[in-house]
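Listed features, source TrEMBL:
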type	residues	note
DOMAIN	3-70	domain 'CDCP1 first CUB'
DOMAIN	79-182	domain 'CDCP1 second and fifth CUB'
DOMAIN	188-291	domain 'CDCP1 third and sixth CUB'
DOMAIN	315-403	domain 'CDCP1 fourth CUB'
DOMAIN	412-499	domain 'CDCP1 second and fifth CUB'
DOMAIN	514-627	domain 'CDCP1 third and sixth CUB'
TRANSMEM	637-660	transmembrane segment
REGION	734-812	region 'Disordered'
COMPBIAS	784-812	compositional bias 'Basic and acidic residues'
Amino acid sequence: ASFTISLRKVDTTTVMIKLRPGVPASCQIRIKNVNMFELKIKPGDNVTFTFTCRTPEKYFIMEIQKNIDCMSGPCPFGDVHLYPPGLPRLDKTYLWDVKASTKAGLELKFSTPWLRQIAPGDTCPDFVTYNINSCIDNATVNIGTFCRNGSVSRVKLLGGVVMSLHLPWNSALTTSGFNIANRASIKRLCIIESTLKGESSITLMSPNYPLGFPEDELMTWQFVVPSNMRASVFFHNYSLSNCERKEERVEYYLPGSLSNPEVFKLTDSQPANIAGNFNMSLQGCDQDAQNPGILRLLFQVVVQHPQLDENVTHLVDLSKERNMTVTIHFEGWLSHVPLMSEPVCLICKDPRTCDRVLTLASGNVYRISFLCKDLSRLRITAEKGISCVDLRWCQRKIYSLSVPKAITQLPIRLHRFIWKLLAPDLINIEITSPSLKLQQHVPEQRCNTSYSYSIVSATPETELNVGLFCPGGSIEKIQMRNNITISLKTFGKGFINESNHQDLKMSFVPHIKDECTFTVSPNPKAKVYLQTPNEPYGLPPYVSISWYVVVPSKQIARLGFSKDRMGIACETGRAYVNIKEETMGAEETVRREDELLPVPRNMYHNFWVNVSNCKPVDKTQLTLQFWVTFADKKTDLGIILAVVAGAGVLLAIGLTVCCVKKKKKKTQNPMVGVYNSNVNTQMPGKKALFAKGRQNNESHVYAVIDDAVVYGHLLKESNGSVTPEVDVYRPFDGPVGSLPPSPPPFSFRKGIKCSSNTEEEPPPLMDTDHDTYTFAHQNSGQLEDNRDANEKDKGDKSMPLLEKKEQVGLVE
């Protein structure tokens, strides 16, 4: 096909056809058998041409430039046409260069559907793009890039303007979409009018965005708001230049304001809930010539219907709170508010100060309202700090870690409440839940409550995720050495009712030995699962964790591990599991990482479980889980028979005592009570066996029978090498407190030789912090035959103490 372009001289229009950049020259323009790659048609020319290919739109683009003079002669007001007609189907860029005096600015008016500003580099859905540049003297300022279908209805510019319109080759657009409406002095860089309709959200940018607003310039946005709507302004992206004189600011002319213009900094929260048309102006400053900086602004205007409850205020009294902030935000809010194309929920602390995010500080009282159709999309995130500087003062105080009623009474769901607990060196933190107690969230025992606690212990070097906990468990107390962050997170609407029963408390305590210590008091009918912290990553190297499990007096605890080995290999040091009942002379069970963990066993007293980690050889860290169940103590037939036999012996003794009493004075002697589970059925000897006239006194009648005397015959039967006259039973004689067993020190762990043939007793466990960490062990020769196979440690020859019920008897 051939094309003919005819230009009149009076039209001052130039047409240029040229190759598309970056495309190979596989097509040419042919005029009278002459081929060329570029064609320029000037005013007054009449040119007929063809292309040497069938798809010239792939290879060529077209620019049509028209000069308009509004300075020396009359300005051609009215619609600007797409001229000339009959152009080939190529990508086209129309350029209108309008010359005008700075004393008589130009007004460009756009036909519906108006324009929508986009950031430089963005593309329009239909690829129809407008670009507006202002020309002042020899400087050019990019007012903005726009697509169709927006709110920008008019633009007034100081001086001349270069208006461009880009059309793709397949566009059916036949009009430019704007006209030159008027000439008027505006005394500022530009005025952009935005006409808002219905509920909507628009985004606008300052000229030259993002490169920087011209120095010491002033521009204005005029917003036309429907009378039945409300408008709110939000700044999303801005930066400030370095001012030498004046100050960068934003000025508003607001309907009904008594102090117009109202001046705001760019860092302030901008006006909201504006009823009616308003203006917003951006004022620059004189910049530092050496370091000017960049002034730029991207902002959003949201228009929505007035809310039915906008006059309903909610009292938030934080006057008695300390070191606490409360943030009300939209669901899904992170660190900033994203751009959104739909009306959103607004939170107002006064009729004009509204935002998508509102932060309230402790020590103040607020009356807030909401501009929101659906309050269920709003959330509350709060944070409170508690610190201790002097233990003498803060150790006596118990802090309640509960959500204040000022928050729970709001008609908004609490998303998260964070307590940051700070303690200096040698001061530790204790978390208690006296009535509800805490349950650790593990795969076998999941939390299904309306809220949970995430507890993280942190130092400047490491962070230990203690775990996820919920109310209704068995953990009464958690002690930690480092600063703690506790995050309460809610699930669903049930927290509003359950918040009245919160009982989590915190106090500062003196220094503890382990990284973390749990006190567990399980329900006698429950099966409790407990797990090392920092799941799923495992316990950090060289960290020690302890659990203190309380066993009810009429119960027997069953302790078992969920796997048979620790599952790690140590590069430095050794990993240990220590188990110890809290009773006089109880034996401590120790397992290393290269040994099998203890099989399930019965525990008759309160006991400790300690897990100490080494430095593993690979990235696999130590993760252990154990369980505890309870059963009632049962009285077996042997015990019953022993008690019956013992009763017979007591009867004989009683008769003897009675006879002696009758021969002497009629005075009462105390009754003899002996618990004898291993009864000696031999009757007491005859009177003649008592030497030195003992039949004449009452020294053989025992008011209290000492343990050492009762157990004497057992040591003789054991063929022990030492046969003391009385003091046979040697319990641990140090103080016994609620402190965990001490894991072997790392210097000792490195020196252990893994040999099953050695008969040497391992070195004693040393600890200088607390006497209660030292445990008594008998010599290897004592009671070796009575050792429990399940309690036997490889290479450990320490003598387990016999249970008391197996050792009780009468002295011959």
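Glycine residues also receive a Cβ, built from the backbone N, Cα and C atoms like all the rest.
Relative to the domain 'CDCP1 first CUB' (3-70), the listed stretch 79-182 leads the set 79-182, 315-403, 412-499, 514-627 in CB pairs under 8 A. Per-class residue totals from DSSP over the domain 'CDCP1 second and fifth CUB' (79-182), listed helix then strand then coil: 0 helix, 62 strand, 42 coil.
Taken residue by residue, the domain 'CDCP1 second and fifth CUB' (412-499) breaks down under DSSP into 5 helix, 52 strand, 31 coil. In the domain 'CDCP1 third and sixth CUB' (514-627), the DSSP tally of helix, strand and coil residues is 0 helix, 52 strand, 62 coil. Mapped onto DSSP helix, strand and coil, the domain 'CDCP1 fourth CUB' (315-403) counts 7 helix, 41 strand, 41 coil. Across the domain 'CDCP1 third and sixth CUB' (188-291), DSSP assigns 0 helix, 51 strand, 53 coil.
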